């Protein structure tokens, strides 16, 4: 889906605060779980000879047209199903815990698959299920030519365990690189390059407005199929992190350790995420020609900021719309009061342009896994 154009802010008075929704279970979760119950049961394996596996995968989203199966497109599910077909010799259906758009990466997305192990030498003979370690090695063998997707974990689960509906929470990360220098080749399509300086403290204050139980209609893209825009955002936070790849020299390490000790000794305030200047060399001394003197062949590093968003479930494009607003707060285009007005407006037309897909990472999916699985 194309990104939304930038719209004017709602005219809701600045004094109004974001409406607070009584904290109960999200209406959307209740309704959608009831509606999907039949689908969940239909996807459950009825054959006791079939083993259900929970499979965790990591991938670079650049060359994928999203995670879900699509005709004539390279997708995460499509590539994974093809690898399983080569492994066990029969087609399988894979169900993902979280759907990711084209260009979105995953440090750990989770899916489940049902496998009936049938002898290749004696067709029709059913064999005991493969051990999870065997599944991981075999599938990765058939994925190695892809170059951008890997199985990182496999576990046996009961036949009624569903990767999507059993998920308790999902965590996303979004990377922004701030600085006037062109983006490094190593960072292309791995982060959102923002040429302007970003105010970390202002972004952190804006997060306080958005975290919690709200009607997130202003952060819900057109085409969202959720029954309700109400969601509980358990965590929304911005912190500074080392730009990658980052290879500090011995002198830099000593300087960083010294700076850290000094900052702890002098600080009387509680520890918060402050800009970590040692991660960036953009503030080094400027020469007479007005250019930072780093030595020949040494590129200036960007300031790297990571937005962390954690919730049981998210609306369509919710994280990218949240990041779009936080970025505008960081550059000074919006204030915390503006963020309150956007949230109260309850329409996506009030929000800032959506952040691009390539800076977004699905970090992890949390489950209460059965111990005897």
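For all residues, glycine too, the Cβ spot is worked out from N, Cα and C.
These figures come from a predicted structure and were not determined experimentally.
TrEMBL lists 7-18 with the feature compositional bias 'Polar residues'.
The feature compositional bias 'Basic and acidic residues' is assigned by TrEMBL to 251-267.
Over the domain 'Pseudouridine synthase I TruA alpha/beta' (56-165), the average per-residue pLDDT in this prediction is 94. Per TrEMBL, domain 'Pseudouridine synthase I TruA alpha/beta' is recorded for 56-165 (among others).
Residues or ranges marked as domain 'Pseudouridine synthase I TruA alpha/beta' by TrEMBL: 206-368 (among others).
TrEMBL lists 1-47 (among others) with the feature region 'Disordered'.
Positions annotated as region 'Disordered' by TrEMBL: 241-267 (among others).
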DSSP-derived helix, strand and coil totals, residue by residue, for the domain 'Pseudouridine synthase I TruA alpha/beta' (56-165): 28 helix, 29 strand, 53 coil
